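Presented below is the structure to which this report refers.
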Amino acid sequence: MDAKFAKKVVNELYERYNSLRERRRDYCNLMFFLIFVTFNLSILYLQRDAESAYSVVSTITRSSLIPTDTEVSDTSDILSWLQTLLQDIWEDPVCGDDKCEDPFEFAFYGRFGCKADCGTFLEQQEITEVQVDMYYDFHHASGSTPPTTLMQDSSWNLCPAEDSSFFDVYHIKNSTKIKHGSACYWETDNTFDQLEGHRLEVIPDVPDGEWELVIKGDLFNKVGGGVRHRGNVTYFSKRLKYLAAYAVANYELGAEYKILNETFIQMNKTDSQILLEHIDSVYEEEYQALNASLDGGALNYSDYLVEMAALTESYEASLTEGESTFNNECVTLREANSSVLVGDYNETTETVYCGSACFTNTVPFLWNTENVTVGPNISMCTSCNDTIDEFCEWADDTVLAYKESIRDSLLNLDSEVADAGDDCYDVIMDEYLVLHRALHYEIYNAKGTDPSEPDEASTATIVDDFIARENEQSDYKEGLSQRSVANNPYENITVDVYGRYKELEDHIIHSEELFEADASVPPDAATTYETYAQSRAQISYTMTTEEIKDIIVSALPNRTMYTYVEWEPLAGSTTEYMTCDLDNRQPDYFGECVHEDYMEILAYNETYGYLTGDDMKEKCERLCYCPWPICNSEQVCACVQCGLEEDSAEDYIDHTLDKRKLQELRRKLLNASTEEMYQELLTAIQDLSAQQDDLSSQVTDVQVEQERQNAAAEAHHADTTLETTINAGFSDLKASYDILQEQMDELLEKQDQALEESAKTEEQLKRLEELTEQQNAALDSIKKAVDKQINEINKAYEQNQIDYEARKRYYFNAELDELEANKKAELSNLACTVKPKEFTFELDNYPDTTNDSARERLVGINNKVVAGMLMYVRRNVLAECNNTRFSNIENYCIAGMDPGHSYGVDPVFKLGEELYNADLDYEETITKYYNCSELKKATYTEKNMEPYCTQYYNDKLVPWGYFSYNMKGHSSGFPVFFDINLSQDRAQEYYLYVEEGHYIEESETKDITVHLVTYNAELKIFANIQIWFRFLVAGKITISYNIQAVKVELYVTFEDKFRGGMEGCLAIFAICALVIELNELYTCRMKYGTVKLYFRSGWNYIDLTSIGIQIVCVIYWWLYVFLMAETFDVSGQPGGRYDVYADLEAKARFLRLKGNCGDDYYSDAYMESYDCANAPAEEERGYGLEELALMLNKMDKLGAQLSFYMTLSGINIILMIARSLKLMDFQPRLGIVTKTLALAASDILHFMVVFGVVFMGYVMMGTLVFGYKIQEFSSLLNSLQTCFETLLGEIGWNNALQDLKGLEYWAGFAYFWSYQILVFMILLNFLLAIIVDAYAEIKDAAHETVSVPAEVYPMLKEKWRTLLKSKYFYRKHIPEDRIRKSLKVLAGRGDEESSDDSSHDFDFDAERFLKVGDEDIDRETLTRVLTHCIAYAEEKAGVYDVAQKETPLSEQTFMDKLTSCLPAKFKKSDNLPPLFTTADVHGAVDMLMEQHGEPKKKEEEKDEEEEEEDVDTKEMMEKMAELIRGQEALMSGQKKLEDLEERLLKAIELPSAAPEAAAIRSDDDN
């Protein structure tokens, strides 16, 4: 066989092998790239977690958080949306769901909390029992407000105090313990039902916190009282009751002792002493009667003197006669019985000698004190003359009456003792009333009668018990009580009196300890037991009431031990109005202490002449009031009303009080009078009612029309579809009407509430006006009375009834009475205060059980709102319009952004609004909330005078509602933050603050941004939600929103960590891809000396761009993870909330930022008072808002970066799709898309020029003609989108065209149909035709190519056999690598490679042939070619020397024969063994035929007639084919020539390449 032919065969086989190898490499590249793309997409899928993210986003989108409209025309729609949002999301926990959501659903107390879920407060922990004492007396001066009116106007309630941190950050009162918020304990204020009295209200369950007792409508300080610890009041009242009972019992025993002592003294009196005392008492009565006759006018003075002289003479005679008679008889008796002294007791006769038988028993009460058991007998009078007889009878009656009086006194001993005890008790209780009124009330109202229950027993019961126990130990008390009755011998009485007397003299009460220290003693009262014991030890039965009172006062506790707060303890007095707040109400009566010498200077009066200093002193004392200091004995309280002039009195003033000089400014509300405002409200309500009536009428007409249509439908149609539709429409209309009706009712309700509040304010103003009128009337009345009095004085002077000095005195007294009456009338009609009085106290008795948690606000079911919702407004500045002819219509235009001027009003101080609080609308309260002194530089003007600075108040002196604040990461604006801890009602109050404070003003608002974040704990996904309301100058408001689902917990679960490993692998793959691409670039540079060839292919640009984006995505992701996601944290904020505002329950100035420090805002003095230099950062003004803004800004950046990352990855996906198409282009059937587009590119380019002209013409026409009416054409971008959507079949905008009128309708008609015909039907189909034609051509060309399975299957089969080749499997299989290397050697190709991508369709079942040029080589021929080639190679290489024994060809191996075909440059210097055996040759042939052989083409059977008809066509096609092949050969030759020239040029340019060029030429020669 020809060697040249054999070499040709080998070269052909080698070329085909290289083609197959390249094809296999292309498949591998495609497979690996698709694996990489799948891997990358899997990571992106796991990172995005779109399913979970969409579930969160869709939930939020469907909630009330997202507005349903994209455009609105009124701010009321925005406010309605805001109100609905707050109602739906700011919900309070549901009571009764068997779930106590602490701390916002708490135990029940008062009218608050949830008993069903959390039980009662009393059951769960100790709680303070509080009592409120109210002392009131509404009686008032005549001529002023009636007492009943004062009583009806007054009310009180117990309310949580405003968080003191609102005003003082360093003195927080721990008001957080009050869980229910700012609502008062009673839903309605308590009123009074009596004109005077004491009301005690016990509140058993007041939680700890800062409270205030609020009293409203008490114009003249008629109500006083206090708030006290109920347990301590009970404890101390019990102690003081016991002590009082002990003191009273001792005092009663002392009184009994004194009475018995007095009785004993009376028993020792003689008859003479008894008679003389009787005579004195009789004449004393006569004297008193005589004086009464003189005073009563029955006697004149002269008769009185006569009667008095006669009575005196009679009195002296009676004394002399009685004493003489008694003494003479006694002397006679002594002379007759010298052995017996007068008054001696004769034991034998048992008589007492008294000088006369008539006076035998004159002294019956004297006895021998050594034998008290023996008493004298009484003898009857005998042997008396008439005179002595009369005297004896009178004396006997007198002495007998005296004895009976002693008996009666002993019978009434217990009553007199009890009366004495009552007197002592009254003294003690009066002291209690003055010093401890609350304890006095408790003691006084203890009415128990059972001494075994001393806590409930009255003091009298305890006293009786003490006395009874003492009497049980007495030996004489019972006998004295029994023998004091009538007909009991006196000697028995005297024994008991003397015995009881001696008992009381030697003893005091023998009772047990009255009280012991126990566990109920309050901590502050731990030492009171010792004090009480000492006081008890000091009490004695011999003490007077004053001494007992002093001891008890020393034992009294301090009121602070049981009192939280008390106010005006003396309030309730009917004269309190004379002194209350006098320095502000009427300073002329507010006095100062001056020396009494100054009175002489004031004494001169122009009208009445010279008066004395005492007169002026009296005048000043009656007219002036000096609260402090109390003037001493040398000072007088003087004031302007009594003539005090500070300049002239400067040397006489000893002490001057500091007076508070406040400027009283009358604030105009909304620059309108109250009457005008009410008239406007009434007009608005009437208009609203009329609108409602019109709407009702229209709805009624619609209902009638619908009913008529329904009846017609039922009559003419059996099908109920129309009826159902109409009913549905009617139902929708009815529902809309109901909603509107509900909104109108709500509006009317709000108007009613505003009117009611305004009416209260108006009533109070009218009441003040009435007081002024009453005051003027009273002054007029007094003036008239004084004038009448002066006229009477002048008349009396003219009639000489009084002299000149008396007239001056009367004038002075009349003037003084007038001034005093004027003062009373003036002050009785000048209210002490018109604002509510607040008395603050703190309860902090038990540990705080509240936790610093955040309320749960949910969007949907599981999406919890973080922190709250931030809403901020950006505003425009209006200025006069420039160059306009219509300034008379509107002269103001937008001039730019508002730099931050405050605006709006605080509706709490805006009369007529629902939030208006009349109790706070006072200068003192307003300036407390808006304190200009705290500012660094407060500004004042003529309208805004101090203390109303322009920074806080408008020119109507109403506080601004909204202040600008520059938040980091946000545009400068006016923020309003809805905290998640706002209750549902409080959130609605914030809404009212926004609505009534004019937060959204249509004319000046630029845009509104709403920003909030939610967190889904189940999915661990944050949702960043932003809603924008943009106010367009055209007059509408556009609404847009953006929701970003962000996951910041990226590596928590095992799946997350596995994904992290995949992300690491992806980073490595991206770097490898970059290295491979750069290596390809480097190879091109090394092979061709330049990189221009690399960049001539557009596919390489796509590769580099895709790889670059992939690396950027990897880097960006890890930056997102470590710099953003891992650093985002809100765990430092309890519950994810921020303390933005100073007090969420503030009564006014809701939006005051927390913090009292700030160099750029507060004054240095203000910050120094709060020690801002050492204050933590949290106390900086706006710190909470800044932290919130940073959190929201960071969440916004997280969402933006994640979106950017996913967008960049999406772009890369598109590029990877393009790269996939590039890698598929090697296979004719896989590359059909790219080949089709390449083939049709030129036609498409020309078509797009035509299409663009036509398409843009329609876009411009739509914008110009219809853009001002139809949204779809309102801008070029909208028109472009609309026209493109029309190509996809969207023609809804045609309805708007059909609604046009006049000429525009026909323009729309022409526009629509011309566009549909020309663009949609013609041009679009042209484009499709171009692409389809190109596709058909490429499809025909690829029809005869090998399919992918036909190519891939042999590759996989060979690879499989190569991997499993062993002595047991596929032993005859020769690996491709070995064949390739052998063919390369046989062909002598070195490193040259070539490929041929030609392929045809074959019949695999036919005999296979190897195509070499134009010849077909079968299996046998190929075997001979290889055998010949091997033999030729061995012979040429001289493998076997002539001298050596030649190996028969049959014995040579395949390798030996193959080696013989090698060129000399590949042979070894020594003899080589055979390269191939015969078996190897046959195996190689089988493999080559299988891999590179082609089956014979099937001959298509045709009829002879058809062949004759196609002869001409076939000949023409053959000639054209030959021509094409010639052209291809020519082009191939030219290409080879160009390559050769290039290689020659390189060889010339690069000397080092000369050997390679020589080798090439040598190979070509060979």
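Just so you know, glycine gets a Cβ as well, placed from its N, Cα and C.
What TrEMBL says about this protein:
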- 671-698: coiled coil (COILED)
- 730-799: coiled coil (COILED)
- 1501-1512: compositional bias 'Acidic residues' (COMPBIAS)
- 1203-1338: domain 'Polycystin cation channel PKD1/PKD2' (DOMAIN)
- 1492-1515: region 'Disordered' (REGION)
- 27-46: transmembrane segment (TRANSMEM)
- 1060-1078: transmembrane segment (TRANSMEM)
- 1099-1119: transmembrane segment (TRANSMEM)
- 1202-1223: transmembrane segment (TRANSMEM)
- 1244-1268: transmembrane segment (TRANSMEM)
- 1310-1332: transmembrane segment (TRANSMEM)
The transmembrane segment (1099-1119): which same-chain residues, six or more beyond its ends, come within Cβ distance under 8 Å?
40, 47, 1063, 1066-1067, 1070-1071, 1073-1074, 1077, 1201, 1204-1205, 1208-1209, 1211-1212, 1215-1216, 1218-1219, 1222
Given the cut-off of 8 Å on Cβ pairs that are 6 or more apart in sequence, determine whether the transmembrane segment (1202-1223) and the transmembrane segment (1310-1332) share at least 3 such pairs.
no
For the transmembrane segment (27-46), find every same-chain residue at least 6 residues outside the stretch whose CB is under 8 Å from a CB in it, and list them.
1055, 1059, 1062-1063, 1065-1066, 1069, 1073, 1110, 1206, 1209, 1213, 1216, 1219-1220, 1223-1224, 1351-1352, 1355
Long-range environment of the transmembrane segment (1244-1268) - Cβ separation under 8 angstroms, sequence gap at least 6:
1237, 1274-1276, 1278-1280, 1282-1283, 1296-1297, 1300, 1304, 1307-1308, 1311, 1315, 1318-1319, 1323, 1326-1327, 1330-1331
What does DSSP give as the helix, strand and coil breakdown of the domain 'Polycystin cation channel PKD1/PKD2' (1203-1338)?
113 helix, 0 strand, 23 coil
Tell me, roughly as an integer, the mean pLDDT over the domain 'Polycystin cation channel PKD1/PKD2' (1203-1338).
90
